[in-house]
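Visitor: The following block contains the structure, expressed as structure tokens.
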């Protein structure tokens, strides 16, 4: 049995070694692609690129030439040319990377805290008002990937982090598109512009905001991955070709008046991507710095934890956990048959040994010949007993292996079921590492170890029992010796098992932070490398690994402690058995065959007792994995995906939305985010939803899809209460283009049509309507182009267009857009808006709007404030009232 386990483990080691080797020899990003050792006193440029060409992979054709912000950060493969950077670098990516920690930790990172600088950065990056909203100010835990922050808040935190680090060269990948016009103007004036905190730094800015170009030193206009024009803004206006591009984009951009007072920002828009056709890369250099007075930060509120501490059970594992495992295995189908056949196997083992002992006595001089059996009978019975022993062992192991597989499947299914159906609130407070720990290490323990532990435990117990029976039959005085030894064994177990069990629980707890930290590091690898924080994160990873290894080390040490004591007791048993056998022989109460049998069994008892005690410990230690899995199978889940009551065929046929006195919150114990909301949207109506940060716009979207459940009130779609039907029946009939585009690892076709419901002709038609056709046609494999995880190998704008294409394919009666075109340029935006108006002419469209010019021709505008309806009327009616909230927002955006 142990040989089979050894072979299995050897195979696993070989496979793991092969995978590690492939990873370690994989091609890495070249650290020589960017020359950072430019200390020559005659070298005055902060960043220099000459005749360069870049691609995501060395095997791909060049995708960008001349200049690329990611190449300066060293994140793309340089195919040719020269790239040099002088000084330290700060990088603000288009999709902000936020760590799991407090807001202050995300800004400070490893730099020494300086209160004056910190306060100045908060003010310049427009984070003051956000701190007032957060429960604990800058000490608020913002969760994994910044789940507590909006898109614009994440962008401002990422910018604040870069500014606080005080670097020489700043690479700013369109940070202004994630915030509303007012905040954008404030940030440019106080951070990026000629009077900002970075005035004496080199700034390379990607932006769609043409109103900022006049404050730059050099403007690079890019087209199809190359620099089309490179000059000052004034000279570009005199260039007919460049001027045409600038004027075309300027018609789509929003002008914002400069104001001294910064109002609370609107809900932040999705980060805009670099468009393949027209991208403006603004290179700003030195100008004068300004001195502004800074307000002191507000006092901290009582701390509230977002991420809950992972719980660990104490004391003995409950019998219900064992019972849950046996039930998963199948008590009557596999477990009881295993025990019965293993018991029969042990009986046949003892019979075989006793038969062999009796056989050996036939040849002893002076033995009673009447008791001797013919050789044929001896061989036949011995072979029969041996055959039955093997058959029972085979049946026992087969039952246990099949039971172990069944237990793994039955435990994994509810675990995966609950994780996939957990509500949004569960993921807000649960780090990804904990979930991966359950699905990874804990399931591995159930799959590979637990059934083996029970097997060895049962085998060891039966061997110990049959050894004691055999020796007691041969040497009855052995009973006097074995009782105190057995008591000592129990005392050792009573002392060792609780310690080992708790050490295993600690090892499981300390494994989750390793997974979380690794995932966080991979997601932020670009930012980490750009800032030079690689060593810091390696040190943090080493600390977390060290904590886990210490717990595992103490577990090994406790096993060594046990081994020494078990070896001593085992040797005592052998000594006692040998002495008693010799004494019994002298007394004439035992035969030579019985002596040999008892001594041979006693030699084996040391190993079996050690194995038994270890397996008792291993079982109770590893069954903790079942305890942890069972914990996650009992978490709260969403409503049923399907209910007995199904909506009518073709529902919703009209697209009428009726929200009545609706209230909701994100998690129990939190304040309401929507409070008594009552809105009626007629079929086919186009409604824009606007409001400032925290107004409840995104919460309304989550409520429509039942991502969050109502605390009161109702939402009716075509007179059907959405809480009365299954979640799949609801969500399959609605379409949303989210603020954060979601793509999966796979082909482009799979991302557009995961269920293969549509033909290629349908796909190409939708792609063309979404203005994505030129991009797809430029791909070597077209629809079969491989998309990386989360769509990392295409721009954010292209990801958003993929999401738009999905919506065009489904063409639902109710469409929700959460700033669907925020990540694309103004010209394409106009094309997309026209496509939506045409293709969804008869559908109800609800648009969460940040750029107000996109909803001015809508039927009505819903203005939200503090989770309530502030205004709900046609946009022209609201604009005609200078006292309306919508009018003030339009005025700030330069629309009136």
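Glycine is treated like the rest: Cβ placed from N, Cα and C.
TrEMBL: automatically predicted annotations, no manual curation.
Per TrEMBL, the features are:
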type: COMPBIAS; residues: 257-270; note: compositional bias 'Acidic residues'
type: COMPBIAS; residues: 288-304; note: compositional bias 'Basic residues'
type: DOMAIN; residues: 11-249; note: domain 'ABC transporter'
type: DOMAIN; residues: 339-621; note: domain 'ABC transmembrane type-1'
type: DOMAIN; residues: 657-891; note: domain 'ABC transporter'
type: REGION; residues: 247-272; note: region 'Disordered'
type: REGION; residues: 285-306; note: region 'Disordered'
type: TRANSMEM; residues: 334-355; note: transmembrane segment
type: TRANSMEM; residues: 381-407; note: transmembrane segment
type: TRANSMEM; residues: 454-473; note: transmembrane segment
type: TRANSMEM; residues: 479-497; note: transmembrane segment
type: TRANSMEM; residues: 566-584; note: transmembrane segment
type: TRANSMEM; residues: 590-613; note: transmembrane segment
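Describe the structural context of each listed feature in the structure shown, including burial, neighbouring residues and relevant distances.
Guide: When averaged over the domain 'ABC transporter' (657-891), pLDDT in the model lands at 87.
Panel annotation: around the transmembrane segment (334-355), residues 326, 378, 381-382, 385-386, 388-389, 392-393, 395-396, 399-400, 402-403, 406, 458-459, 462-463, 465-466, 469-470, 597, 601 of the same chain, lying at least six beyond its termini, place a Cβ under 8 Å from a Cβ of the stretch.
Beyond its flanks by at least six residues, the transmembrane segment (381-407) meets 1, 325, 328-330, 333-335, 337-338, 341-342, 344-345, 348-349, 351-352, 355-356, 359, 446-447, 450-452, 454-455 of its own chain at Cβ-Cβ distances under 8 Å.
Beyond its flanks by at least six residues, the transmembrane segment (454-473) meets 1, 338-339, 342-343, 345-346, 349-350, 353-354, 397, 400, 479, 482, 577, 597-598, 601-602, 604-605, 608-609, 611-612, 615-616, 618-619 of its own chain at Cβ-Cβ distances under 8 Å.
Same-chain residues lying 6+ beyond the ends of the transmembrane segment (590-613) with a Cβ under 8 Å from its Cβ atoms: 353-354, 356-358, 360-361, 364, 456-457, 459-461, 463-464, 466-468, 470-471, 474-475, 478, 489, 492-493, 496, 562-563, 566-567, 569-571, 573-574, 577-578, 581-582, 584.
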